[in-house]
Amino acid sequence: MKLLMRDWPPYAFRIFAALGAVSLLVAVAAWQRDRLWPGRGQWGRLVVASVLNVSAWSVVAPLSLFWLDAAEAAIIAYTMPVWATVLAWPVLGERPGWQRFAGLGMGLAGVTLLMAGALSGGGAALAAKLPGVAAILCTALMFAGGAVFTKRWPVTMPPVPLVAWQIAIGTLPVWVIALRFETLDFSRVTWVGWGCLVYVAVVAQCAAYLAWFRALRLLPAGVAAMGSLLVPVIGVFSSAALLGEPLGLRHLAALVLTLGGVVLAARG
């Protein structure tokens with residue numbers, strides 16, 4: 001994200017990434033001869049799932065960055081496994097064992113330790129950040145709800161066209177925001193910016209959403225959600241490799257806590 005933000009307006013970038021992802025997914029689905037159109041009675045579920053799974057990150061999450069640092073937003077966003085575990089208990093009957101609760105605690109401690117170096121602000125500063133906290137907390141709750149909704153009321157269609165539809169529907173509000181508030185100058189986009197676009201379209205959207213929905217089919221919602229705690233860990237170590245950002249004992253301890261939490265939760 002740090003690399004692409006140098007070249008792209010945030011919402012315009014999401015539009016082009018979504019267009020690339022949907023085009024690729026439709027091509028793959030056609031090659032596989034998958035059914036491309038949702039079945040009768042599936043549209044309501046599809047729209048709800050798209051808003052919860054895609055709009056949460058494409059529309060709501062970026063708003064938080066007007067008030068919060070990326071690290072602060074990440075800590076709140078990755079409370080998502082907690083909400084997924086809480087929602088999955090009454091809706092799906094997934095009663096968590098002590099291992100999952102302990103794993104959640106370890107994982108959240110790891111993420112908090114990972115981001116602790118960037119936390120800042122006294123009481124007045126924290127009060128000014130409340131709109132951002134509300135936005136990113138809404139994102140976490142929406143995505144957790146999307147995980148539970150997807151398991152409880154699945155859309156019956158092949159996974160590749162299903163992801164294409166969810167990305168297409170979930171990013172529709174982004175068009176309104178980008179066209180109203182942003183200006184895009186293609187002459188400012190470097191080869192690094194184009195590379196970021198390809199990466200986000202292919203890996204962060206196509207591959208990641210396919211893997212996420214596959215995990216939801218195979219695992220309890222709370223366990224699948226725990227895997228998301230690895231995202232900030234990967235982000236920090238990738239930043240060290242690509243951007244030269246420093247690594248220390250705090251980062252290694254956070255990695256051990258997060259990985260240990262994910263493994264422990266998977267056993268519960």
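Yeah, the Cβs are placed from backbone N, Cα and C, and that goes for glycine too.
Automated prediction, rather than curation, is the source of TrEMBL annotations.
For the domain 'EamA' (1-115), the model gives a mean pLDDT of 85. What TrEMBL lists as domain 'EamA' is 1-115 (among others).
Taken from TrEMBL, the feature domain 'EamA' applies to 131-265 (among others).
For 12-31 (among others), the entry in TrEMBL reads transmembrane segment.
Per TrEMBL, transmembrane segment is recorded for 43-67 (among others).
According to TrEMBL, the feature transmembrane segment maps to 73-92 (among others).
If you look up TrEMBL, you'll see 104-126 (among others) marked as transmembrane segment.
Taking Cβ pairs closer than 8 Å, the transmembrane segment (132-150) reaches residues 45, 48-49, 51-53, 55-57, 60-61, 63-68, 72-73, 76-84, 86-88, 91-92, 213, 216, 221, 224-225 in its own chain, all 6 or more past its ends. What TrEMBL records for 132-150 (among others) is transmembrane segment.
Same-chain residues lying 6 or more positions outside the transmembrane segment (162-179) and placing a CB less than 8 Å from one of its CB atoms are 9, 11-12, 14-15, 18, 21-22, 25-26, 29, 38, 46-47, 49-51, 53-55, 58-59, 155, 205-206, 209-210, 213. If you look up TrEMBL, you'll see 162-179 (among others) marked as transmembrane segment.
Annotation source TrEMBL lists transmembrane segment at 191-212 (among others). Long-range contacts of the transmembrane segment (191-212) within its own chain (CB-CB distance under 8 A, at least 6 residues past either end) are made by residues 3-4, 6-8, 13, 16-21, 24-25, 53-54, 159-160, 163, 166-167, 224.
Per TrEMBL, the feature transmembrane segment maps to 219-243 (among others).
The transmembrane segment annotation in TrEMBL covers 249-266 (among others).
Residues 4, 58, 158, 160-161, 163-164, 167-168, 171, 174-175, 178, 182, 184, 196-198, 200-202, 204-206 of the same chain lie 6 or more positions beyond the ends of the transmembrane segment (12-31) yet place their CB under 8 Å from a CB of it.
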